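Structure record follows, encoded as structure tokens.
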Amino acid sequence: MDEGDEDLISGRGFTEGARKAGPKPVGVLAVVGRPNVGKSSLVNRILGRRAAVVEDTPGVTRDRVSYDAEWAGTDFKLVDTGGWEADVEGIESAIASQAQVAVTLADAVVFVVDGQVGMTTTDERIVKMLRAAGKPVVLAVNKIDDQASEYLAAEFWKLGLGEPYSISAMHGRGVGDLLDVALDKLKQAEKTSGYLTPSGLRRVALVGRPNVGKSSLLNQLAREERAVVNDLAGTTRDPVDEIVNIDGEDWLFIDTAGIKRRQHKLTGAEYYSSLRTQAAIERCELALILFDASQPVSDQDLKVMSTAVDAGRAIVLVFNKWDAMDEFDKQRLERLWNTEFDRVMWAERVNLSAKTGWHTNRLTRAMDKALESWDQRIPTGKLNAFLGKIQAAHPHPLRGGKQPRILFATQASTRPPRFVIFATGFLEHGYRRYIERSLREEFGFEGTPIQISVNIREKKKRK
């Protein structure tokens, strides 16, 4: 194999989408501030492109959005929040509530103020909320476009947030230094967050749209066997991660606060719920995807499921309230299984009742099986012998008068299982599906996605 082949097997030659599927923690950096201080301009500057809407009208950022960002080799998620209105409702206004949720979800915060306007009462209100949240904060004084304006930043020492960093989001001045400090804050937060898993415990995320029974299932599984792993200092929030003992085995459940808090009742909560779900999936090894069997499967249900599959996580599909279903509803769901769930026919599936505990004892077997498959590695010799057999049984269809053939294959990695196939020509999608289906029939892989990459190599002619 040449250097390009080695890159492919190691993962360096994979597409950007495939790299993102691998497990890696992504810190969340929220950009907050009152309206028209330049938050979206700063977001665009960090991203290196015009992604956020920027106007001179206060409050233009109505939809809160997140972006994948990178600085100095560190990947993180950047959240652009709405402005804080200094109206009669103050901190309790709807938009302030949304921004407060964003801060709650973030690992660190960049607080943007306007150096040309100076310190305002709204800025001071935001500082009180940030102190209550207990998150690391970097203070950015925007619109300091030149050295002559540096003195304007000194006033913001009064906020008590430490050094004010002078920047010009429009021109890029000082933004690099600001990011260096912000990324240091993210890394420090990561050391004390749930990313640090107690030795030997598998990380589980319990995800699903609101009101499917996540909190009920967590309580049913945990009973009284709970151990707090991580508290957020200075807040009254629930613990972030919890050790839950199920049938004598300890599991680390990710972001149980996100399960128990009724965040969907807040304005804009659908967006923040989605962000929180995505963050939990990125941190976990196994996603328990909960559905309400008594309700039709929604697009949101399928989106949560696809997020976990695309992230390369082991999954178990959990259908709650199954004991309340009549035969007609059960048959309806079984029909859906062959249509809406055709992408994950390989998934482990458990039908249960979180309220009564019916069949919850079946979860641990499914969880263990899914993680065992996620960790599974097939020896190269055994893999190639098997692929040779299925290729002989069903050769690839002719393409342009030629028949692509598999020359060699190897399993490049696990978590999830990733296979690299070297072939004499392009392998059609249908044939790749045939290979995946055959691998599952022979080796199991229940509960885990499989990634297959094909590298085209001409078969060397004998001299």
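Backbone N, Cα and C define each Cβ position, glycine as well.
Swiss-Prot lists 1-20 with the feature region 'Disordered'. Summarising the annotation, Swiss-Prot assigns domain 'EngA-type G 1' to 27-190. The GTP 1 binding site feature in Swiss-Prot is assigned to 33-40, 80-84, 142-145; the stated evidence is sequence analysis. Taken from Swiss-Prot, the feature domain 'EngA-type G 2' applies to 202-375. Residues or ranges marked as GTP 2 binding site by Swiss-Prot on the basis of sequence analysis: 208-215, 255-259, 320-323. Per Swiss-Prot, the feature domain 'KH-like' maps to 376-458.
Mapped onto this structure are the features recorded in Swiss-Prot.
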| residue | record | Cβ within 10 Å |
| --- | --- | --- |
| Gly33 | GTP 1 binding site | 25 |
| Asn36 | GTP 1 binding site | 17 |
| Lys39 | GTP 1 binding site | 27 |
| Thr81 | GTP 1 binding site | 28 |
| Ile144 | GTP 1 binding site | 25 |
| Gly208 | GTP 2 binding site | 23 |
| Asn211 | GTP 2 binding site | 11 |
| Lys214 | GTP 2 binding site | 22 |
| Trp322 | GTP 2 binding site | 20 |
**Study point:** Nearest of the binding-site residues (Gly33, Asn36, Lys39, Thr81) to Asn211 (GTP 2 binding site), judged by Cα-Cα distance
**Key:** Thr81
Study note, to complete from the structure: Rounded Cα distance in angstrom between Gly33 (GTP 1 binding site) and Gly208 (GTP 2 binding site) is 31
Practice item. For Lys39 (GTP 1 binding site), identify the closest of the binding-site residues Gly208, Lys214, Trp322, judging by Cα separation. Key: Gly208
Review point. Looking at the binding-site residues Asn36, Thr81, Ile144, which has the shortest Cα distance to Trp322 (GTP 2 binding site)?
Key: Thr81
Review point. Do you know offhand how many angstrom separate Lys214 (GTP 2 binding site) and Thr81 (GTP 1 binding site) by C-alpha?
Key: 27
Check your understanding: Mean pLDDT, the domain 'KH-like' (376-458)?
Key -> 94
Check your understanding: How many Å separate the Cα atoms of Asn36 (GTP 1 binding site) and Gly208 (GTP 2 binding site)?
Key -> 35
Review point. What are the DSSP helix, strand and coil residue counts for the domain 'KH-like' (376-458)?
Key: 29 helix, 22 strand, 32 coil
Practice item. Could you tell me which three-state DSSP class Lys39 (GTP 1 binding site) falls into? Key: helix
Exercise for review: Based on DSSP, name the secondary structure state of Gly208 (GTP 2 binding site): helix, strand or coil.
Suggested key: coil
Check your understanding: How many whole Å apart are the CA atoms of Ile144 (GTP 1 binding site) and Gly208 (GTP 2 binding site)?
Key -> 44
Revision key, fill the gap. The rounded CA-CA distance in Å from Gly208 (GTP 2 binding site) to Thr81 (GTP 1 binding site) is 24
